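Enquirer: The feature domain 'PAS' is assigned by TrEMBL to 48-96, 164-210. The feature domain 'PAC' is assigned by TrEMBL to 117-167, 235-289. If you look up TrEMBL, you'll see 302-529 marked as domain 'Histidine kinase'. The feature domain 'Response regulatory' is assigned by TrEMBL to 549-665. The 4-aspartylphosphate feature in TrEMBL is assigned to 600.
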């Protein structure tokens with residue numbers, strides 16, 4: 001801002017010189033040469049040349065007298081310096097010869113004109129430089145002599161200053177930050193385009209008004225009083241505040257106000273620079289949301305570990321109880337029912353783990369119908385009882401290629417939005433449907449990212465109040481939300497849009513606020529022609545051992561006890577340890593007997609991965625099965641390099657564990 005003030009002062013001085021030259025011409029035109037000399041306090045000496053020579057000497061600009069043919073009679077030092085030619089060399093030379101060839105005709109027209117005339121042209125100095133000047137000519141009749149007085153004002157500095165001002169003006173006009181300038185009373189005299197773009201006002205609506213037109217009410221009177229006291233005292237002020245747009249929507253800004261002083265040091269204006277914080281705060285919200293999701297993922301992982309340990313102990317005990325009650329069919333049936341519920345709880349935990357973790361996108365072909373059925377199971381766990389929830393599936397086998405975990409998050413997000421939308425509805429209803437649709441050129445028209453073809457259409461519909469028309473086009477923008485403060489981040493539908501695009505599909509919205517109101521979000525995913533791999537058949541038989549010795553390690557006493565009994569029931573010898581350090585002691589004591597290590601992955605003192613490395617130093621051929629209550633994929637990724645070792649998830653069935661043990665001892669790699 002200081003640079004702008006300096007340029008304005010310099011430009012004003014230069015223009016003052018130009019005005020002085022024009023005043024001199026006006027005086028000459030009226031025959032007031034004596035007045036000029038008097039005004040400049042020059043003593044007129046006897047003789048015709050002396051007053052003019054003195055006048056020329058003191059002029060801050062080029063001055064010449066020429067005869068009516070344009071030959072130079074006198075010139076002042078300023079003009080000699082301008083063209084690089086001494087006064088003696090200039091005397092008798094035609095003034096036109098000092099002008100560039102392309103402008104000599106224009107100069108001649110000025111010299112030959114009647115009365116006062118002026119034009120802008122270029123002098124050519126001795127070194128070839130072209131100097132922009134304002135040429136002013138006035139005819140003079142003095143002491144019975146007729147001649148011309150030429151005033152030559154160097155405009156180079158003026159133009160340079162004007163160019164700098166133009167550059168600064170364009171920079172301010174095109175700046176990304178908002179600029180607002182007011183007079184000392186606070187009346188707006190200038191705003192740049194950035195402020196108009198952000199607020200939605202036109203220049204005519206803003207200029208002449210007071211900045212209070214942007215007040216949102218978020219700041220009290222004391223806030224503005226302190227701000228005004230600071231700037232009127234000549235201090236810079238900076239602070240964050242909430243402003244209001246023409247639409248009524250509020251937005252955060254960081255405002256810096258500085259006083260502008262005139263030559264006398266008095267405040268002539270205030271300039272305010274506003275940095276729009278909408279995007280910055282949006283990124284902050286995104287970061288907080290990511291941190292929150294990471295914390296949720298960690299929490300879910302910890303809960304899953306403890307819950308899966310409990311389920312592992314429960315399922316192990318159920319197996320042992322069924323064995324003892326095999327002669328009691330009614331009891332066995334009830335135990336099997338409890339076991340089924342335990343496995344259902346385990347499946348829910350696995351879905352929560354998949355939902356909370358950040359996974360690499362893995363595109364595989366899969367059938368949509370069983371996928372949707374699993375989603376519905378997860379939804380119904382937390383579905384309010386008053387909501388009528390339905391699932392409509394088509395008879396056709398539909399397959400897509402995609403990342404199951406990512407699409408699971410997409411569907412869960414849409415279903416949760418639908419549930420939120422119907423909470424106040426008199427007869428709340430949410431439906432999930434699947435059908436196969438042929439998308440043609442007519443359907444594609446007007447839909448972004450849509451291509452003709454055959455698609456699986458997954459629709460989530462609700463009978464809520466619908467979405468306002470002006471909001472529909474913003475639904476998939478990050479941080480846009482129609483929910484009240486604290487009820488939504490505005491990231492859910494943006495994630496939906498991005499995930500569906502990653503799968504080569506598109507999203508379509510059907511909504512109405514008129515009766516019957518409601519919204520249907522449709523996801524279109526391209527059909528896959530790749531056959532879905534059939535799941536391996538499940539072998540429920542139990543494989544017995546032959547008295548082999550297994551080192552069993554787990555820090556959960558319940559799991560350790562039940563797993564030990566289960567292995568013993570499978571005819572294995574079992575040596576137990578409750579942590580990695582104790583396991584090393586047990587291995588050293590029974591080194592010749594132990595053929596297999598079954599260890600939990602996460603344990604205090606020494607974890608499963610570290611234990612394997614230690615024991616492999618003692619026996620490189622040791623067979624290993626690792627067990628985890630956490631997400632198995634995380635256990636595989638987090639620093640474990642033993643690719644030949646098997647990791648299975650808790651809880652596991654007796655048949656599953658027995659088959660894995662059989663395969664590992666036989667040297668084959670089981671399917672896990």
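Residue positions begin at 1 at the first shown residue.
In case you wondered, yes, glycine gets a Cβ from its N, Cα and C as well.
TrEMBL entries are annotated by machine, without manual review.
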Enquirer: Tell me the Cβ contacts of the residue listed as '4-aspartylphosphate' under 8 Å, same chain only and six or more apart in sequence, or just say none.
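Expert: When sequence neighbours closer than 6 are ignored, the residue listed as '4-aspartylphosphate' has 553, 554, 555, 556, 559, 608, 626, 627, 628, 629 within Cβ distance under 8 Å.
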Enquirer: Give me the DSSP three-state residue breakdown of the domain 'PAC' (235-289), ordered helix, strand, coil.
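Expert: Looking at the domain 'PAC' (235-289) with DSSP, the answer is 12 helix, 30 strand, 13 coil.
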Enquirer: As a test: from 48-96, 235-289, 302-529, pick the stretch that has the greatest number of Cβ pairs under 8 Å with the domain 'PAS' (164-210).
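Expert: Per the Cβ count, the answer is 235-289.
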Enquirer: Over the span of the domain 'Histidine kinase' (302-529), how high is the average pLDDT in this prediction?
Expert: 79
Enquirer: With DSSP as the yardstick, break the domain 'PAS' (48-96) down into helix, strand and coil residue counts.
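Expert: Going through the domain 'PAS' (48-96) residue by residue, I get 23 helix, 11 strand, 15 coil.
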Enquirer: Can you check what DSSP calls residue 600 (4-aspartylphosphate), collapsed to helix, strand or coil?
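Expert: For residue 600 (4-aspartylphosphate) - judged by DSSP and reduced to three states - the answer is strand.
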